[in-house]
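J.: Take a look at what TrEMBL says about it:
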type	residues	note
DOMAIN	8-211	domain 'Neurotransmitter-gated ion-channel ligand-binding'
TRANSMEM	212-237	transmembrane segment
DOMAIN	219-305	domain 'Neurotransmitter-gated ion-channel transmembrane'
TRANSMEM	244-265	transmembrane segment
TRANSMEM	277-297	transmembrane segment
């Protein structure tokens, strides 16, 4: 009838301090291994990249070790994250929250008898990501999430990546974007105030490409068809009486498509999509065709004769 798990927890945390690094030898650094499990790509706009993921963290706590034979063969404990020491990790390029303190109350840690601690918090992360929409809708983008120590230096907490790619075990494919490849690499950064202190970081980079089939069917093909109609304005006989109507109709159609594309294209003042330039050029061609048609019809239906100017003669 003995509560072995309760006795074990009381014994482990009797003199435990979560503020101190979990090392018997204070000169040793704590090795924290990170991994990234991506579950969903939520949205991508200029300077905003949002995705749902889980951050796997693993380290060894020298003060959380026990002999399973003394406690009814208990080899694993699930504890609140607020009870143990946690790495001081932050999302360096976040546009929402650099620290997610609610992770300590929402996600528990798993502690093993050999001192291994596994913590897997997850949620929606929003980071900055400058995108280039010059070749929209055939564009490709590159975005990353940088996770590093906020105060611990490399000699106190050493960060390392468990794999060189992002895991997609439970990934839900996105309807607009396709992930070509991913890479994970370790880096270091130095603050201007403290050039002798190195702060490690792990960068998770994604290379994504837009699925263009929807845009090709609904935007590109109608634009090509209307481009052909611009040429038909010159082929239509003047006596048909529809040259001006056809030219104005095509011009209005291009205007409508210009508004539709302006609503679907991400707003960015740094780059201009070639598709918008294409539409502007054909709107100018449509305007020119209507102007020339008016001049041609004016000459064709004129009944009176006037001598040309002396300069023209």
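Using the three backbone atoms N, Cα and C, a Cβ is placed for every residue, glycine included.
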J.: Using a Cβ cut-off under 8 Å, which residues of the same chain at least 6 positions beyond either end of the transmembrane segment (244-265) come close to it?
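T.: For the transmembrane segment (244-265), the sequence-distant neighbours (Cβ-Cβ under 8 Å, at least 6 residues beyond its ends) are 133, 136, 215, 219, 222-223, 226, 229-230, 232-233, 236, 273, 275-276, 279-280, 282-283, 286-287, 289-290, 293-294, 297.
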J.: Kindly report the helix/strand/coil residue split of the domain 'Neurotransmitter-gated ion-channel transmembrane' (219-305) according to DSSP, in that order.
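T.: Residue counts for the domain 'Neurotransmitter-gated ion-channel transmembrane' (219-305) by secondary structure: 69 helix, 0 strand, 18 coil.
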